[in-house]
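Below you'll find the structure, written out as structure tokens, and then a few comments.
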Amino acid sequence: MTLKTIEGTFIAPKGKYALVVGRFNSFVVESLVSGAIDALVRHGVSESDITIIRAPGAFEIPLVTQKVAQRGEYAAIIALGAVIRGGTPHFEYVAGECTKGLAQVSMEYGVPVAFGVLTVDSIEQAIERSGTKAGNKGAEAALSALEMVSLLAQLEAK
């Protein structure tokens, strides 16, 4: 018996890509943005097909992402930001609501929303995940977006 497998690829399908970026912790977030753009361009997306939309912070990213998804102009949306744990429960609220909100937008509009919002315990962890020891999570989110666009196109064609 031969099993059929359907998988996405990283070859950029035609389309536009939106980066919704939270400005808080910009010293980390800008590395995520650079990583995402680099990954998209290396996989065939033209810079003219990439739009960066800046939100104040991670908590605001889901609403901005929803408005972008409503427009129907983008093949995928890549959410980028950084929430760093402090001494209050603020971290849990912001990280949780951002995560839930982005998942809701993706399901509601059928548009891939790649999650590149760091939720970390320390500045050191944020730096590691934005281009040093642990790779660049912005680039990883961009690759996830490309793969999802490809996968959904295959599923819709069947």
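Just so you know, glycine gets a Cβ as well, placed from its N, Cα and C.
Not measured: the values here are computed from a predicted model.
Feature annotations, reproduced from Swiss-Prot:
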BINDING   Phe24, Ala58, Phe59, Glu60, Ala82, Val83, Ile84, Phe115  5-amino-6-(D-ribitylamino)uracil binding site
BINDING   Gly87, Thr88, Arg129  (2S)-2-hydroxy-3-oxobutyl phosphate binding site
ACT_SITE  His90  active site, proton donor
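All features noted in Swiss-Prot, drawn onto the structure.
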residue: Phe24; record: 5-amino-6-(D-ribitylamino)uracil binding site; DSSP class: coil
residue: Ala58; record: 5-amino-6-(D-ribitylamino)uracil binding site; DSSP class: helix
residue: Ala82; record: 5-amino-6-(D-ribitylamino)uracil binding site; DSSP class: strand
residue: Gly87; record: (2S)-2-hydroxy-3-oxobutyl phosphate binding site; DSSP class: coil
residue: Phe115; record: 5-amino-6-(D-ribitylamino)uracil binding site; DSSP class: strand
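By the criterion of other Cβ atoms within 10 Å of the residue's own Cβ, the least surrounded of the recorded positions Glu60, Gly87, His90 is Gly87. In this structure, the C-alpha atom of Gly87 ((2S)-2-hydroxy-3-oxobutyl phosphate binding site) lies 17 angstrom from that of Phe24 (5-amino-6-(D-ribitylamino)uracil binding site).
Neighbour counts were taken as the number of other C-beta atoms within 10 angstroms of each residue's C-beta; across the binding-site residues Ala58, Ala82, Val83, Ile84, the minimum falls on Ile84. Separation of the C-alpha atoms of Arg129 ((2S)-2-hydroxy-3-oxobutyl phosphate binding site) and His90 (active site, proton donor): 21 Å, rounded to the nearest whole number. On the backbone, the CA of Phe115 (5-amino-6-(D-ribitylamino)uracil binding site) and the CA of the residue listed as 'active site, proton donor' stand 20 Å apart.
Sequence-distant neighbours of Phe24 (5-amino-6-(D-ribitylamino)uracil binding site) (same chain, 6+ apart, CB under 8 A from its CB) are Pro56, Gly57, Ala58, Gly81, Ala82, Val83. Here His90 (active site, proton donor) is positioned 10 angstrom away from Ile84 (5-amino-6-(D-ribitylamino)uracil binding site), judged by their C-alpha atoms. For the binding-site residues Thr88, Arg129, the ranking by surrounding Cβ atoms (within 10 Å, all protein chains) places Arg129 first. Annotation note: Arg129 ((2S)-2-hydroxy-3-oxobutyl phosphate binding site) sits in a helical segment as assigned by DSSP.
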